Amino acid sequence: MAYSGVLPSARSRAMVSESRHLLMTVAPGAVWIFIFLVLPSFYLMSVAFMTNGTYGLPEMPLSLESFKRLAGFGFLGWSAGNLFTLLRSLWQTVVSTGLVIIIAYPIAYYITTCREKWRPIMLLLVVVPSWTNQVIRTFGWMNLLAPGTPLAEFAQMLGLVPANMGLYPSNFAVTLGLVYNFLPFMVLPLYAAFEKLDHAQVQAAQDLYASPVRAFWHAVFPQTLPGLLAGIVLVAIPAFGMYVIPELLGGGKGMMLGNLVANQFSGGSNWPLGAAGAILMLIATFIGLYAMRRIGKRLGGGEEVVI
Amino acid sequence: MKKQTLQRSLTGFWWLTLFFLYVPLLVVVLFSFNAANSAANFTGFSLRWYQQLLGNEEILSAFANSMVLAIASSAVALTLGCLIGYGMYRHRHRKLGWLIILIYLPIVLPDIVFGISEMAFFVQINRLTGLLGPGLLTMIISHVTFQIPFVALIVYSRFVGLDPTLFEAAKDLYATPWQRARFFMLPTIKPALISAFFLSFTLSIDDFVISFFTAGPESATLPIYIWGAIKKGVSPEINAMATVMIGAVAVAAVLSLMFNRQGRQQ
């Protein structure tokens, strides 16, 4: 529109210079991401369809061997190990995301009820632990759950763990670690949603004698849904591919997909199998993102989820 | 009356959650001062683990690696990301869907997939050309890749928050593109640049998985060293090292709070 009065040639020259400007500013970073992330990802995906060579490196005849291995078909016939790992990843993701939601809702709400002056400090208090390194945070839980600590002794008293044992390695410890790790990622978007809450709707529900539960469900919940969905994306996707926490707190029986994949690239040395697992993770990631966008668009009253 | 009980139980829940969030860190800090080599019994106050820390060559070199990695990658990412952020703003009326996807890719990709993609890619490049052997350089490249989007988004949102007529004003005053960049744009986005640099720095220090898969034998960072030490068997030395890192985060938190205050007062 701005060029409507200008001669066509001058206009196209301006367009060319604009395009050159776009290229000059955006290209260096875009090319960087393309070379160092898009190409490697495509290479990884292609590896999944290759055969496992002698040193664990991929070799040429294309095959679906690694996907069969992932589904449990090995040299010794079918075994359920890999499938269990997959199911465990899903289960851990669902449980920990659910727990995170249950904890984050009251916390996010509570922060909005406090004086405005305190809110940034309260949010900071929630976020600061996640600034420390993930390995250190998980190590903290190892310290807490080790044999002989008050928590472990308490669990022994209740008969939950055998004598002289710690609370890790176990699936419980992994869930705990996941909840701990991802809580801030749910509190922040939920807080943003609560802060924008239209209190008139809640008031209207109360005026119509809605019970607190119904008032929450019909007046509050739909308004916080975009924040909740953003939180689920931020929690569930990284939880599904988590590596550090199950590796340190889970042991062999708490292994998740991330460990299965990583092991093929470090100790186990079967790149195609690891790459097949990575493809599975990618599919889960994109399905998750897509589903959240769809649901968000439908339920969020046209408001797009922040992702 | 009922509302009051709700508020009171919420307050209780808040403090409980805070306790949950901080207790693992506090335990690490507490046991770093433990005289005995035990994760269960605190026998007395001692600084011996900190002394061991200072005498350990490996730890000092891991610290140096972490710093070089964080500063170098943040500097490169700041340059590239800042350019993207400006380009995205300037051409925001065009269809830039491909760019948005490219920028969100490093953010949404699970870090384990990110890490092994880079590793597999670098290994093959190294086999074919002899370049890019695993080490600090491959780590810096990977870190820049995941830092660029954050810098770009921060810079972009700063530009969006500006009054568009400012750009017109700069043009009307016959400022050359260079002068516009030097005297108008850089000063106005300076806060965004500072926070983008700090975020990149934090992301780099905080990263373990991607570093782990792209590191070489000589380029272990602090988290990688800690990881190795944990795998070998828990030693209180790790507590001391972790405490130093937790302390750095605490300082960063206080600084960010002060910056925030200042920003709002102005």
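Cβ coordinates come from backbone N, Cα and C, glycine included.
All TrEMBL annotations are machine predictions without curation.
TrEMBL lists B:12-33 (among others) with the feature transmembrane segment.
Sequence-distant contacts of the transmembrane segment (B:59-84), counting only residues of its own chain at least 6 positions beyond either end whose CB sits under 8 Å from a CB of the stretch, comprise 53, 99, 103, 136, 139-140, 143-144, 147-152, 154-156, 189, 193, 196-197, 200-201, 204-205, 211, 219-225, 241. Summarising the annotation, TrEMBL assigns transmembrane segment to B:59-84 (among others).
The feature domain 'ABC transmembrane type-1' is assigned by TrEMBL to B:63-259.
Among the features that TrEMBL reports, transmembrane segment is placed at B:96-116 (among others). Long-range Cβ contacts of the transmembrane segment (B:96-116) within its own chain (Cβ-Cβ under 8 Å, at least 6 residues beyond either end) map to 84, 88, 142, 145-146, 148-150, 152-153, 207, 209-210, 212-214.
Per TrEMBL, transmembrane segment is recorded for B:136-156 (among others).
What TrEMBL lists as transmembrane segment is B:192-213 (among others).
A Cβ distance under 8 Å defines the sequence-distant neighbours of the transmembrane segment (B:238-259), meaning residues of its chain 6+ beyond its ends; these are 25, 28-29, 31-32, 34, 49-50, 52-53, 59, 198, 202, 205, 222, 225-226, 229-230. For B:238-259 (among others), the entry in TrEMBL reads transmembrane segment.
A Cβ distance under 8 Å defines the sequence-distant neighbours of the transmembrane segment (B:192-213), meaning residues of its chain 6+ beyond its ends; these are 66, 69-71, 73-75, 77-78, 81-82, 111-112, 114-116, 118-119, 139, 142-143, 146-147, 150-151, 154-155, 157-158, 186, 221-224, 227, 245, 252, 256.
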